[in-house]
Amino acid sequence: MGRHPNFPTPGGPVLRAKGWRQEALLRLLENVLSVGEDPERLVVYAALGKAARNWDAHAKIVEVLTTMDEDQTLVVQSGKPIGLLKTHKDAPLVVMANCNIVGQWAKAEVFYELERKGLICWGGLTAGAWQYIGSQGVIQGTYEIFMRIAERHFGGTLAGRFVLTAGLGGMGGSQPLAGTMAGAAILCVEVDRARAEMRQRIGYLQHITEDLDEALGLIGQAKHAGQAVSVGLVGNAADIYPEIARRGVVPDVVTDQTAAHDLVYGYVPATMTLDEARSLRGADNARLMAESRNSIVAHVRAMLDFKRQGSVVFDNGNLIRTHARDGGVEDAFTIPVFTEAYLRPLFCEAVGPFRWMALSGEPGDIRRIDDLVLELFPDNRIVTNWVRLARKHVPFEGLPARIAWLGHGDRTKLALAANDLVARGELAGPLAFSRDHLDAASMAHPNIMTENMADGSDAVADWPLLDAMVLCSSMADLVAIHSGGGGYAGFMTSAGVTLVADGSEDAARRLGYALTNDTSLGIMRYADAGYETAREAAREKDVGWLGL
Ligand code: NAD
């Protein structure tokens, strides 16, 4: 189901485009809006991450996808379709570059000005590349972080543990469900009641309250009984975190997933209401940036307070430490980032957030692939555990989809087997495969993905650029290069890829080359940085690393 009446989820057997490859990309574009946060403004998630530059650009993209031939390539620049080139049927159907600003100019203020002039748009990681699948896209990542914390600090479970976090937006909305799946009593502070209600409606969040006492009461009872519960507290995290600390309540785990990266369109300062903040956006960005930064200082100071008192505290990839440090919190970076702290060993083997979508719109197709995953990888504990949990607990949003952290070789194996199912008519329609941009080869982000790399190569952005070129050479259907927008300007570059499994032999070739080469480069990136696990994987799996 879609969330917005004007933005229905696509599906069904009838093609509007000339082939399934083009139709697939059209449906994925429709899907990101159907599960997006504010589709009327083309905003999908991450404060200002957009599906297209503006509505004219959107209409032209739809027209081209509907009418283009398989031997053509659509070129998209920051959400605006620029040209349709004659290529060949093994070339990508769509190539795009979103929000890439030359080094010295890659600053939030320049981004806002370019966006205001209509010259650029922030594609998020998966919004502009039409790969977003709602909060379910990040839920396994969030769950795996919670489980790594459970294993490292709490004997393997978060039952009887209090997790404090904030932000119930597109990505942050996964936290209450991931938290309860890990057994925790999780409190999510959210300034916008409508966002909390949305998460409750789709089954991700259990309770909503505006009262801190009531929230802490619900959490305390569940913690005591060792029961999982999720509570959304409507309030500002920069007020609530310090207040909880002041009361001497110490959560077991603390993080935050407000859109803190964007001081104008994302984070809401504690000194104003949500409506006041909204009315200042575009009108007084300087004031919003200053006040958001001040609030983030209070917010992060409380996180540090909890850390000193024994909470496990981590940064969840939203630049909150960076803004706090800029605001004078010198020890902000004593809080570790989730990637380095919990996920890097997986990235060393190119295990990362792989995903597939049922273009038919039929949930049965995803259930069939769930079975396939369990058949193909019975010994992969992370994935089998996840698929069993997900099929029970994670409701579909928009096109039925699943995410699973699979690595080199396994992604290709699954996609080829799924393509065979499509060919044999065992699914209601083709599938699309993609992955998050936060993956081994495809992201340089020195404050999230590549913080504290073993060889100091944190800020080297060659890897995602190489990845995108490798993916084009490997015949992927859509290839995107993104850089940061809003507060992320100058902080990141990433590459995205989408592949369509329409059951054809051509699709099998594309899936085989693109998925294998993407993860090969991922292993090489970490092997090159000196990680022994990656070097072993490179040798064992013979990924083509030259080993220099
Ligand atoms: P979003 O814009 O959809 O939602 C952000 C939410 O934070 C909104 O609901 C907003 O009302 C709320 N909020 C803002 N200021 C607040 C405050 N002071 N107190 C309480 N609530 C407040 O963003 P999103 O897509 O959920 O992403 C959240 C952050 O996570 C972004 O910075 C994003 O870039 C980052 N992110 C992390 C990962 C990851 O893998 N960890 C993945 C994607 C995005």
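Think of each number as a place in line: the chain as shown, counted from 1.
Glycine too: its Cβ is placed from the backbone N, Cα and C atoms.
Please treat TrEMBL annotations as automatic predictions, because they have not gone through curation.
Feature list (source: TrEMBL):
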type: DOMAIN; residues: 14-130; note: domain 'Urocanase N-terminal'
type: DOMAIN; residues: 134-342; note: domain 'Urocanase Rossmann-like'
type: BINDING; residues: 170-172, GLU190, ARG195, 236-237, 257-261, 267-268, GLY486; note: NAD(+) binding site
type: DOMAIN; residues: 345-539; note: domain 'Urocanase C-terminal'
Spatial neighbours, same chain, of GLY170 (NAD(+) binding site) - Cβ under 8 Å, 6+ residues apart: GLY36, GLU37, VAL44, TYR45, ALA46, GLY49, TYR132, GLY134, SER135
Close in space, distant in sequence - GLY486 (NAD(+) binding site), Cβ under 8 Å, 6 or more apart: ALA47, LEU48, ALA108, PHE111, TYR112, TRP122, HIS261, ASP262, LEU263, VAL264, TYR265, GLY266
Three-state composition of the domain 'Urocanase N-terminal' (14-130), taking helix and strand from DSSP: 43 helix, 24 strand, 50 coil
CB within-chain contacts under 8 A for ALA237 (NAD(+) binding site), separation at least 6: ALA166, GLY167, VAL189, VAL191, ASP256, THR258, HIS299
Other CB atoms within 10 A, centred on THR258 (NAD(+) binding site): 29
Candidates GLY172, ARG195, TYR267: member of the binding-site residues with the richest Cβ shell (10 Å): TYR267
